[in-house]
Protein chains: 10
Amino acid sequence: MDRTEVTKKIIAAKVAKGLRWSGIAERLGQSKEWSTAACLGQMTFTREQADVARELFDLSDEETAWLQIVPYKGSLPSAVPADPLIYRWYEIVSVYGTTIKELIHEEFGDGIMSAIDFSMDIAREADPKGDRVRVVLSGKFLPYKTY
Amino acid sequence: MDRTEVTKKIIAAKVAKGLRWSGIAERLGQSKEWSTAACLGQMTFTREQADVARELFDLSDEETAWLQIVPYKGSLPSAVPADPLIYRWYEIVSVYGTTIKELIHEEFGDGIMSAIDFSMDIAREADPKGDRVRVVLSGKFLPYKTY
Amino acid sequence: MDRTEVTKKIIAAKVAKGLRWSGIAERLGQSKEWSTAACLGQMTFTREQADVARELFDLSDEETAWLQIVPYKGSLPSAVPADPLIYRWYEIVSVYGTTIKELIHEEFGDGIMSAIDFSMDIAREADPKGDRVRVVLSGKFLPYKTY
Amino acid sequence: MDRTEVTKKIIAAKVAKGLRWSGIAERLGQSKEWSTAACLGQMTFTREQADVARELFDLSDEETAWLQIVPYKGSLPSAVPADPLIYRWYEIVSVYGTTIKELIHEEFGDGIMSAIDFSMDIAREADPKGDRVRVVLSGKFLPYKTY
Amino acid sequence: MDRTEVTKKIIAAKVAKGLRWSGIAERLGQSKEWSTAACLGQMTFTREQADVARELFDLSDEETAWLQIVPYKGSLPSAVPADPLIYRWYEIVSVYGTTIKELIHEEFGDGIMSAIDFSMDIAREADPKGDRVRVVLSGKFLPYKTY
Amino acid sequence: MDRTEVTKKIIAAKVAKGLRWSGIAERLGQSKEWSTAACLGQMTFTREQADVARELFDLSDEETAWLQIVPYKGSLPSAVPADPLIYRWYEIVSVYGTTIKELIHEEFGDGIMSAIDFSMDIAREADPKGDRVRVVLSGKFLPYKTY
Amino acid sequence: MDRTEVTKKIIAAKVAKGLRWSGIAERLGQSKEWSTAACLGQMTFTREQADVARELFDLSDEETAWLQIVPYKGSLPSAVPADPLIYRWYEIVSVYGTTIKELIHEEFGDGIMSAIDFSMDIAREADPKGDRVRVVLSGKFLPYKTY
Amino acid sequence: MDRTEVTKKIIAAKVAKGLRWSGIAERLGQSKEWSTAACLGQMTFTREQADVARELFDLSDEETAWLQIVPYKGSLPSAVPADPLIYRWYEIVSVYGTTIKELIHEEFGDGIMSAIDFSMDIAREADPKGDRVRVVLSGKFLPYKTY
Amino acid sequence: MDRTEVTKKIIAAKVAKGLRWSGIAERLGQSKEWSTAACLGQMTFTREQADVARELFDLSDEETAWLQIVPYKGSLPSAVPADPLIYRWYEIVSVYGTTIKELIHEEFGDGIMSAIDFSMDIAREADPKGDRVRVVLSGKFLPYKTY
Amino acid sequence: MDRTEVTKKIIAAKVAKGLRWSGIAERLGQSKEWSTAACLGQMTFTREQADVARELFDLSDEETAWLQIVPYKGSLPSAVPADPLIYRWYEIVSVYGTTIKELIHEEFGDGIMSAIDFSMDIAREADPKGDRVRVVLSGKFLPYKTY
């Protein structure tokens, strides 16, 4: 058994029980973004969170233990993702990548926007011409230092 | 001559003249995000915008014409970007890709967040533990339809 | 269990029962193009459509539930498809890709032809020199906007 | 000198003179689809067509000769195209590839839709919800034969 | 079950029964080249041919049905084949590819040699300096047409 | 200067002078297949052959010397060739590769068909349903030996 | 069942029984290099050799039959091997590849060193500064011929 | 200027002057294997060796200085080499890689054969059935150590 | 069974029993770095170490035997690792690779830092601005030699 | 002009003037590790540092300006580096990657070792059995946080 199998079991249980990510997040006491990433095998559960998951998804002791082990992260089956929704994000990085780089450096100097000290919020933005997906990403700026 | 060469000339002129993207955007009358992407060869200029660029970067007639031609988009030299700042964005897609997919589908059903009817805003977020980069992405939701 | 396994089961049931895609489409009340794509794991079924599929392919409750979950799309096992029929389509994109780009931009300006707000129709075109495959693709034009 | 350089010169001349593909096609006496593909280095010119091109784009004798040589075809700089408009076509092949394969085989049996005995027509389709790109592809069906 | 599994079963039965491809071809009433390709999962059987295969390889009803379904073709596990015998053919394409292209175009003009309307014959060519493999490939020439 | 540049010069001279491969072969006193491969940078010229080439293509002393140096072989710009004519040959290897392997092994045992002690003949095969390209490949069988 | 599974069984039996390749080779009556390659699925056994292997590794009739079938060769799981010992050999080809090419051509003219009519001998070379691995490779020179 | 350009100049000078690697090696006072690798940009020259090279190839001061700088090694233009002679070496690693690994480990335990503390000798081996290339590789065994 | 399966069993046993790498290392009498690498399938156990592992992880005789066989090394599932922690190391090689090369060559001349005669030490470095990971790598310098 | 060209000019100047990285670092007032990385195009210079570089390497005004622009980082020409010295570092990540991951997580929990808030020190370690390269890497631990 490994984490991948626990993830598959969680997804299957979610489908079978008709659960929603927002409800799962409420039970876990975290944002829906973190909770979903955690259930999909990208984040590490505390013992308390793992106990909630055990109950939600009918996990065994061993499966519950795996949730508390740091996983090997990365959720894409290929370097360039085939799924259209995920590809659009890859395309944003491809088309706007150098733009993002230029503007962050202009504001902050050399360094990066952290993907670790990071949070994400996804919401519906009502719009008469068709609702929009609004995503807010917040990552700590980490400067390169001389030494 | 092609658009790539015009982009190189614009970057060189920006370095030589010590211009800033925010100032260039002001002159173009557009957001700094769109303006930077356009100058980096990812967007198409109107005649008026191209005339502003001509003046800003001392472009020739032919170079100014190229700015009004739709470019072959995509700014990354490799499928997985090597630059640490841009890689962090690739990593966000890798680690959070399936999460983003799940949450958009839960809210909107099957479809995608457009990368065309799309805008982006990058800003500094003051934080006592270290300032953060805050990026807001807004893309129209486009549903898959049966037929 | 995941969607891939349901797709395999549908294909096996289709072979075993000697069904045809056109007949399946009639039962689903949709075009043969959408219906085939849906059965092959690329589209999401409504509850009603899933119930029809359950009956057609002798699916279990869990399998029927999976049909209503948005799938991870993309049906090719490699970036460049090996199968000769599918490769010819890849070749059309390779040989005519820049042509399509130029002509759409000439007619509509900068933007794309949507692959989401999209439909396809495949038909036999009688021809004394040998019948032809006639495919009509219709995708909404989505313009890039300045902001 | 090779064909690639002639293509670059043609594109540059088209930009400099403000020509349109539809006008070029009229001068060549062919469809805009074939004419654009030919000018972009994918098709072979007859002597008469090459003479028209020479005049349109101010080509030299050697450049005019190159247009009549069969080119090494394929217009994409990478296996998976980065440009959003062209990528959407790659995505159609990825998402609908197996569907197209099933439906052509159901109608015609084992074989392929030719990409050589092939024509394409791209047109605007007026639509109150937003105009659409309508593309008609016509390729001869070629059956696999036993021997 | 899918075609790949039927192919594996056929190969295993051939090994277990000590059959030869030439004998199998005789039973199928086709050339050894087509028959081997068909048994290796690259061609589609008619009902009659499938019935012969059922008997030869002790196939089940379902397996026999799969033989009559058009397969996803392509028999190589990697883009550049590792097996030395198959690699030599890849090398011929690599070393002589542009030569073949030039000579076919010189004789026929722009177009291709069909790999669909195609047959192949492999035979031993006695030679005092060591016997040779003689392969005759015959493919219909398909011209590119203007339109 | 390297061999690639000499190849480019030869191709350009052939275009400029309107030469044909068959005529060039006659001058070289070799088959059109070997002669074309040699001119395209895949084979090594003897001094006498190089002197003929010098005259045919107006080469310099240094260029003539390069023709007598063994070249780094391989004429394809990518692992999977994009050009439709050459791709069809790649497809033959892909679809028929395991078939060729089986049939050569059945006839000869373990070993390969040489791509070095090898010759090729390309000819037009008249056919009322459309002329065909007929290619004969002859390669010495080289057995694996135990030791 | 296929050859890969027989290889796995042979390796497992070798580990379980504590056999050594040199002892296996002695039983097979061949060099340790050929014998190891054969057991690892790269060479074809005669009936007699297969019978020895059956006894050594407790193989079934079917497994013994598979040893006499020509295998799909190539023992590396990736194009660039990850294992440090095997990588060093890849590195030798990478660093010395052009050197080997130059020196063989200087001595023999255009052609190759055969990897089929080939043998290899691996031995310990005592050295006071640390023992060395001494490998002798012997391959027939095969000249390219004009035709 | 970089080392690659010096290598090109050395090759061009060797062609122009009709030098042989064995003669160059004699002048350098090293083996023909090391000397060729060094001239091809894979090894570092001492001042004395660089002075010999300067004279042999008419190098400038700057070019002579580059020969004494440690180069970025690796002489192949692609991960899998296309040239048939070099490919045969890649094939030896592919077919015999696991064999070499097993036999070195059986003799020496865990560790590698060094590609740094390494030498190579290439020679003609007369053989009535056709002369052979005989290559002796000698690399120090380096054991993995526990710590 | 192969080593990969033993590794999976060890990881599962470690999770189930709640063991820590430092404790395992103490039992093995080796550093935590070597011990972890060995348990993860990268190093070879002695008989004594394997007996300790058998007890710690409840291994069978066959599993214990596999630990003493030299493994096929390399622990990453893709050439560019997706996991963020491991990617940062890849990034260090990417960003600092040429720097490391220059500085080692400046100090030692041409050669490498061994990854075989090598040890590693990972420790916590207390820091008021946030604790740091301190890693010490020690590898023997191996010089390239002329011959 | 871009940063790559400035890097090439710096390297060429360093070779021509016989400078050493340690001396350059002293002039820049930074460590030799940071200074080398900066000169190789991986770090951003302050105005003062750029002025030192201008003098050291005889740079023009424009070249000096480029040093103060944040570069596109990543110094390797291929995903798996070919140069033996740099490859050994890639190999360390490959062989020890999962080990490093396990040990950092055991000590710190889920998170990463920063490659941005990072420093490196490379030194000679005298050893009677052969001097060693000792590298100390220090990176801030960045924890993943729930939100």
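Each residue, glycine too, has its Cβ placed from N, Cα and C.
Values in this document were obtained by computation on a predicted structure and should not be read as measured data.
Taken from TrEMBL, the feature active site applies to J:R88 (among others). Under a cutoff of 8 A between CB atoms, and with a sequence separation of 6+ in the same chain, J:R88 (active site) has no neighbours.
What TrEMBL records for J:E91 (among others) is active site. When secondary structure is read from DSSP and collapsed to three states, J:E91 (active site) falls in the helix class. On its own chain, J:E91 (active site) has no residue at least 6 apart in sequence with a Cβ closer than 8 Å to its own Cβ.
Annotation source TrEMBL lists active site at J:S114 (among others). Close to J:S114 (active site) in the fold, though at least 6 residues off in sequence, lie J:G139, J:K140, J:F141, J:L142, each with a CB less than 8 Å from its CB.
According to TrEMBL, the domain 'Cyanate lyase C-terminal' annotation covers J:75-147.
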Filter the active-site residues J:R88, J:E91, J:S114: retain a residue only if its CB is under 8 A from a CB of chain G. Output in sequence order; output 'none' if empty.
J:E91
Assigned element (helix, strand, coil) containing J:S114 (active site), judged by DSSP:
strand
